[in-house]
Amino acid sequence: MIEFDNLTYLHGKPQGTGLLKANPEDFVVVEDLGFEPDGEGEHILVRILKNGCNTRFVADALAKFLKIHAREVSFAGQKDKHAVTEQWLCARVPGKEMPDLSAFQLEGCQVLEYARHKRKLRLGALKGNAFTLVLREVSNRDDVEQRLNDICVKGVPNYFGAQRFGIGGSNLQGAQRWAQTNTPVRDRNKRSFWLSAARSALFNQIVAERLKKADVNQVVDGDALQLAGRGSWFVATTEELAELQRRVNDKELMITAALPGSGEWGTQREALAFEQAAVAAETELQALLVREKVEAARRAMLLYPQQLSWNWWDDVTVEIRFWLPAGSFATSVVRELINTTGDYAHIAE
């Protein structure tokens with residue numbers, strides 16, 4: 001299995017180094033749910049600004065403040081502890097008057113707004129995230145500048161970031177041990193983290209191998225293509241390749257790679273044979289996913305950061321802003337820019 005740091009680059013290995021997250025203010029994330037609170041209902045959506053505390057810790061503190069069980073507070077995604085982040089929490093408080101959440105106090109956390117909502121906020125139920133990153137001690141400004149311009153045109157590999165695999169790869173290692181021993185895992189969180197790490201690692205492997213072999217944006221017979229921003233896909237046939245290639249070049253269509261699991265992967269013929277060969281050595285992880293009934297799915301191979309802009313504060317410091325759809329990783333953008341001395345594994349999704 002290819003380690004995250006050794007995955008194939010789209011724009012070649014960066015020529016310079018830099019520091020990511022010298023302090024929390026260098027990594028700012030603003031969650032974009034893609035909808036507004038309903039203004040009524042048994043739930044309360046709470047937008048918080050936090051620095052130095054993780055999402056679960058804040059959710060538990062909010063539950064305690066509201067005198068409800070911790071499971072009654074949900075969120076769309078974990079946000080990094082060592083960053084400045086804005087996100088929404090959702091508390092189920094039926095049949096009660098609206099509590100005064102301005103009285104909620106927690107070090108490093110501030111309530112920005114809150115309102116009633118009809119539905120529970122579920123994990124993954126967000127449109128995306130806006131990022132503002134500051135890279136410091138950049139050793140090669142010209143290389144980073146060129147790469148930023150190239151990313152505007154060609155995007156970056158849509159890899160799952162190192163944080164998906166746990167600190168030191170602990171989640172992937174757990175999945176590998178589980179796959180080898182077939183010992184039942186009772187802890188639901190471990191099961192979820194380990195299965196997610198296994199499937200993500202296989203996806204990364206497929207994308208890395210495709211980048212090695214050919215132009216990642218070259219449509220081949222049997223590729224599974226999806227409309228940009230959509231989840232469904234269709235299979236490319238030889239007769240359609242020229243037209244489909246035009247639509248891919250125009251970023252109307254995205255070529256996908258497999259998220260292996262039970263059931264058909266979605267590709268056929270040449271594309272399917274390539275994907276199967278790319279992960280042929282990982283039979284135990286594949287068998288684990290099938291055994292645990294994790295359904296196969298698809299994910300775009302490339303990621304195009306939206307609203308990408310940057311500003312050089314000086315020759316060694318650059319502020320970069322962009323928006324990514326849910327499930328994408330800012331670290332997969334950063335790794336195409338610099339060899340970073342920051343710690344990827346501590347950056348939450």
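The backbone N, Cα and C atoms fix where each Cβ goes, glycine too.
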Given Swiss-Prot lists PHE27, PHE329 for substrate, the same-site residue among ASN129, ASN140, ASN217, ASN249: ASN129
Around the Cβ of ASN129 (substrate binding site), the count of other Cβ atoms that are within 10 Å: 25
Neighbouring binding-site residues, C-alpha within 10 angstroms of ASP80 (active site, nucleophile) - of PHE27, ASN129, PHE329: PHE27
Max CA-CA distance, Å, over listed substrate-binding residues PHE27, ASN129, PHE329: 13
Three-state secondary structure, PHE329 (substrate binding site) (per DSSP): coil
